[in-house]
Every structure is written in structure tokens, then in C-alpha cells.
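What TrEMBL lists as transmembrane segment is 43-65, 142-162, 182-201, 213-234, 246-270, 277-297, 303-322.
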Amino acid sequence: MVLSSLHSLRLKYMSLGVLVLQTTSLVLTMRYSRTLKEDGLRYLASSAVVSAEVLKILACTLLVFMENNFSVRAMNQLLKEEIVNKPVETMKLAIPAGIYTLQNNLLYVALSNLDAATYQVTYQLKILTTALFSVSMLGKRLASYQWLSLLFLMAGVTLVQWPTESEGDSEQKILSAGSQFVGLMAVLTACVSSGFAGVYFEKILKETKQSVWVRNIQLGLFGFVFGLVGMIVYDGPRVRQSGMFQGYSTITCTVVVLQALGGLVIAMVIKYADNILKGFATSLSIIVSALISYFLLEDFNPTGVFFLGSLLVIAATFLYGYEHKPASSSAIKV
């Protein structure tokens, strides 16, 4: 009994470490790769999104192969039955796949214009959008303390984005403000798309008993197509001139791997992590991102207002995930 509880505790702390590492490393490496001063061409964000989708498809295929006792025939039969023979069910995944592809491209835009710490805090608004879509699409009931946490969340993000006086000439200030506005709009759009796609995907998973890895293969296939179309439309001339993998380096490949496999790793460890642990992971990730942005990347100057906003966001994350069975009178439904 004691060994079992120790094993469970070890798994929880391992899950916490994995969640913090994945969340923080993806944001910081993506930010670093988009701001790194280097000779030659910079890699195309649209190309990185397509590469990540291909890698995700391969990883999920391997997981399905393992689930079917390493039988190629059984895996092929399952994929044909679930993907090819059920075209209507497969097409349902086109909507969230398209939105996720848009979201992934927006994250590159956001981290090209915002420091990692500000991005991390602002991106927590996805809790708000996910909650609102859960209420409207799934009929979920939120307790009064959860609505309160959403108010804290909005107040915290507002403080984090509050303009501060900075040194430098007026032209530099205008450029900085413009860049921050572009980054903010990208994050806000990503939050809305993340909330909708996440709830839509959850609704589909609840309606069927299909393997989550098969679902991710379907998402990846549509994501690959949408990403490829987006790359041709927006970066077609540069791809034809210098190739799809122009500007790729070790750090670029790291970003692609983290983006492709990060979500799958989280899916595997999340069953060991309760809401409080996920709250700790979010908090630690924000703190680590702020410290590394300040000391290593040197692109972040924290203010008192930022710290106050961050504390409100962290408190909101814990409050929203607090597992408490409210009385029926305290439940609110919109």
C-alpha cells in the first residue's frame, strides 16, 4: 500500500516536471528561434507547422502500431475501418484541424512580437474561451467561484498588457507598440481558436469510442493539407526560390519536435496530473519563462504591474481548477 502511494506520488511529480518542461521549452525555443540574429535566410513558420504535422502523424501511427501488438495488418485494418470507411466521421475533424493549423501559425507570429513571459501569461486567456465554449456547446455548468476566477484572469491579463513608459526615441516606441499590438492580436485569436477547437474536439471524442491516437492521425492529415495550402499561398515564392527547409537549423528542428510531440506527451501524462498539479505546472512555467527571458534572452523587463497581473492569472488558474462540489444553487449556466 505504501509502495503504491509512493509510486503514485512519483508519477505525479514526474507529470509535473514533464508539463513544465514541455510548456516552457516550446515557448522559449520558439521565441529564441524567431529573434535569433543569424546570417542567411530565416526559416518559414508555415514550413515548420507542416513539418510538425508530418512528425505528429508518424508518431501517432507508431503508437497505433504498438496498441495493435506490433501487427502491420491489424493496424492497416483499423486505420482503413476508422478513417477510410467512415468518411463522415473523418470529415468532422476537418474543422478543428483547420483551426489548429491557424493557431499554430499564430503562435509563431505572437512569439515573434512578444517576449516569452508576456506571451505565457496572456495565452492563459484560453481558459476563458474554453470555459465559454464549454458552456455554450457542451452545456457545461460553471460554479460561481469559476466565474470569479475568469474575472481574475481577465484582470490579470489586462494588467500584463498595460502600457508602460519606456526609454528611447518616439519612433522606437511606436515600432515597439505596433509589434506588441500584432503579438497581442495573434495571441487573442489563438486563444479563441484554441478554446473552440478544443471543445469541438472534446465533443467528438465523447460521441465516439475511437482511439485518441487515431483521432490525432485524422487531425494531422487535415492539418498537413491545410498547412501545405497555407505555405503555398503565403510563402510560395520563397519556397520555390530557396526550398521548403530554408533556414532550418538545430534550434528549428527542436521547435518542430517540441510542437509535434509536446501535445502527445501531455496526453500521455495528463491522467496522472490533477487540476491542482496542472495549476502548479502553469505557474512554474510562467515563472521559469520570465526568469530565462530576463537573464538569458534579455528581451524582458518586468514591472510591478506585470507581477501583479501574473499573480492574478496564477490565482485564477488555481481557482478555476479547484475541485469542489458546489451546491446546486451556486451553479450558473448561460
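Including glycine, each Cβ sits where the backbone N, Cα and C put it.
Given the structure is predicted, the values throughout are model-derived calculations rather than measurements.
Touching of the transmembrane segment (213-234) and the transmembrane segment (277-297) is ruled out by the presence of fewer than three CB pairs under 8 A, sequence neighbours closer than 6 excluded. The transmembrane segment (246-270) is in contact with the transmembrane segment (43-65), judged by 3+ CB-CB distances under 8 Å for residue pairs 6 or more apart in sequence. Same-chain residues lying 6+ beyond the ends of the transmembrane segment (303-322) with a Cβ under 8 Å from its Cβ atoms: 117-118, 121, 124, 127, 131, 145-146, 148-150, 152-153, 155-162, 164, 275-276, 278-279, 282-283, 286, 290.
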